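As recorded in Swiss-Prot:
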- 2-243: domain 'ABC transporter' (DOMAIN)
- 40, 41, 42, 43, 44, 45, 46, 47: ATP binding site (BINDING)
């Protein structure tokens, strides 16, 4: 487990530049064996959070607990030993160009004083795990971006860490390679049980891989919880803006062009509903029509798998009278389906 207790981090004024409150009042826990996304814009405090977890920075106040050890209180040899239980994957790979893939993976084991035979066996095991056993003697210049990141992941796992930090590890990769790397991390989490902390500014990464998410803004945790909960009930504007980028609030052009602000005789009210669970969309439409005795039209729908759950957005057309709209919205609220009226169509 990784736990932040009353954390703040302030960088003092330097060479005429004012001090910076990078993190303030941070209290949350990352469950053992979980995949947790930490998301925020540039300057939100993500990098400071990473540096506190791996002990490269000390908090101004509070404690950082990793595997029941107060990392923030350690120094010297004790800190170096604790850091072996924390692996790190970097955005730009940070491989040594003069070393082969195998030798890059071997480096932390050499530093830790492993025997040569044990290093050779461990490196072979890791190359197979990340799917590049045939690239063991290749230099970084001979590898693709995805292959370089696989070497980086193998190196991060070399000392058998319990926590793996992924700092924008897919930001420099194309979409197809990003999906492959995220699939690899999911497999590593399943096989090894390692706790993965995803530091990212991309909600699409959180959607594909994470089960829990923490949203940072201006050094504060503004929202946290299960990914599916955050996707269906975002409360903070910064979270809503992230979700708009990946899920989108846009309607099909053919529908959006027809929506007006005032009802017309015989027209329909357009209501967007958030649903969760396999088959939930069909259930909502059928139950709404049956229990309220209404004609309900499904105008548009989108379903995603998020945090291991199906999360969807339905756009419904219902009779446009105020009375019917009130009944529909009350029914949806009663059964905890978030909903909003978008307007009317003729």
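These residue numbers are counts, starting from 1, taken along the chain as shown.
Each residue, glycine too, has its Cβ placed from N, Cα and C.
Bear in mind that the values here come from a model prediction, so they are computed numbers and not experimental data.
Per-residue confidence over the domain 'ABC transporter' (2-243) averages 94 (mean pLDDT, predicted model). The residues near the ATP site, meaning same-chain residues not in 40, 41, 42, 43, 44, 45, 46, 47 whose C-beta sits within 8 angstroms of the mean position of the site's C-beta atoms, are 201, 216, in sequence order. Of all the binding-site residues listed here (40, 43, 45), the one with the fewest other CB atoms within 10 A of its own CB is 43. DSSP gives residue 47 (ATP binding site) a helix state. Each of the binding-site residues 41, 46 was scored by the other Cβ atoms within 10 Å of its Cβ; the lowest score goes to 41.
Neighbour counts of Cβ atoms within 10 Å were compared for the binding-site residues 42, 47, and the top value is held by 47. Counting every protein chain shown, the Cβ of residue 44 (ATP binding site) has 23 other Cβ atoms within 10 Å.
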